[in-house]
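Feature annotations, courtesy of Swiss-Prot:
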type	residues	note
DOMAIN	3-49	domain 'F-box'
DOMAIN	355-405	domain 'FBD'
REPEAT	88-114	repeat 'LRR 1'
REPEAT	138-162	repeat 'LRR 2'
REPEAT	165-190	repeat 'LRR 3'
REPEAT	191-217	repeat 'LRR 4'
REPEAT	250-275	repeat 'LRR 5'
REPEAT	324-349	repeat 'LRR 6'
Amino acid sequence: MDRDYISELPDSLLTQILLELRTKDSVKTSVLSKRWRNLWLNVPGLELFTLQFTYPDREEIFVRFMDRFMEFKCRSRLKKFMITYVDCKGYRDRLMELIGTLVDHGLQHLYVFMHTFDRVDFKRQNIYKSKTLVSLKLHNVELKNSDFVVSLPCLKILKLENICHGEDGPLVVEKLISGCSVLEDLELIRPFDIRTHKVLLLLRVSSQTLKSFTLHFAIYKDRTDFSVEIDAPRLKYMTVEQSQSDSIVVKNLSSLFSIDIGTKFNPLRHEDLRMRNVFYDFLTGISSVKHMIICLWSLQRFSPYSKPGLIPKFQNLYHLKAQMWSSSTHLLEAFLESCPNLKNLILEYNVELDREQVDFTNVPQCLISTLEYVEIKEPNEKSTIKLVNYFLENSAVLKKLTLRFSYSSSIYLKSYKKLLTSTKLSPTCQVIFGC
């Protein structure tokens, strides 16, 4: 008979193993044997989704489950509580009491995802004065009043998504940030509804400890402008997605290692001289970055930046991933001119059928001295061949050029190889065709 090694493990180790499972799967182990019957109750984490409870008695079963859990008196051992809550009308107030109780008993990780027609007011004072919370993630809750005290001395991770605020939305967010003295990771996804405000909103993100920051606003047609000011001297990783902001002002970002710019500055104001200056200042503020992902379409209507020399120098940038269109090669050329030490270049190429490709006119310094790896995704045989030949003919130290086709475009592979007629400037360069 095979030996049951798992049953020989101590309870402390088994509960850590069960912690890696979702709670609904952890509960299923209670039927294995008498020893396993209540073992799941000792797991220091609880992950719940109210829709997983059986319909039509979902609400009653959920309430009984939570009552049993609390009666077992394991609340003091719980370190992580995650709940995805879909309306259980009879339990909403009790849920808030439960969360408050768990926080008072030393909870470290709290994730609350509310899916209700009426948002839940999530302003319990003890939550924002917790001495043990390390991570806090809130989705679709209400924080309308900025008149509350925040003191979270251990909080390192904060995520706010789709939060409902009153007119003091930015102040609420700023208060949360300022009350986290060791905050390292901040993610703001639609942190307040920009459609409901009639005046310019200014969000200040100021932190001496922040290392990673993600900002994502939804795109709305009818909305007010907003501005973001970021002051974070230890920031290493930054992502700005689809914000269409009026301006993004950055200060003290000398530690910045990587940035992902998916944002489009206010598209109605690209011809505004002030906006051009704001955008130039933004690029200057991130010029120490080493790794960048950018959509060159973000620069498309800032026509002065299509000329070499008018983009700030990125002396430290060695890895660039850019999404570009066939008509924006002049922007790529200008951007490469500002990256004299670039080593790795990844291009996601998009074809504009009604636009002609603009030829390169210069050879940037990085092609002459530093560029070693180029990858072009989704190349099109007619519009991309000039670009490919340009890199092969002008990159003196290029080691590898990879053309990555999708499954649907792999039929062009053979004909594409025939079109590559240029002489490689770098004799050791490999041309790789892949999917």
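Here the Cβ of each residue, glycine as well, is placed from N, Cα and C on the backbone.
Note that the coordinates shown come from a computational prediction; the quantities given were computed from them, not determined experimentally.
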Distal contacts, the repeat 'LRR 2' (138-162) - CB-CB under 8 A, six or more residues away: 108, 112-116, 119-123, 125, 128-132, 168, 171-173, 175-191
Within the repeat 'LRR 3' (165-190), residues counted as helix, strand or coil by DSSP: 10 helix, 5 strand, 11 coil
The repeat 'LRR 2' (138-162) - residue tally per DSSP class, helix then strand then coil: 0 helix, 8 strand, 17 coil
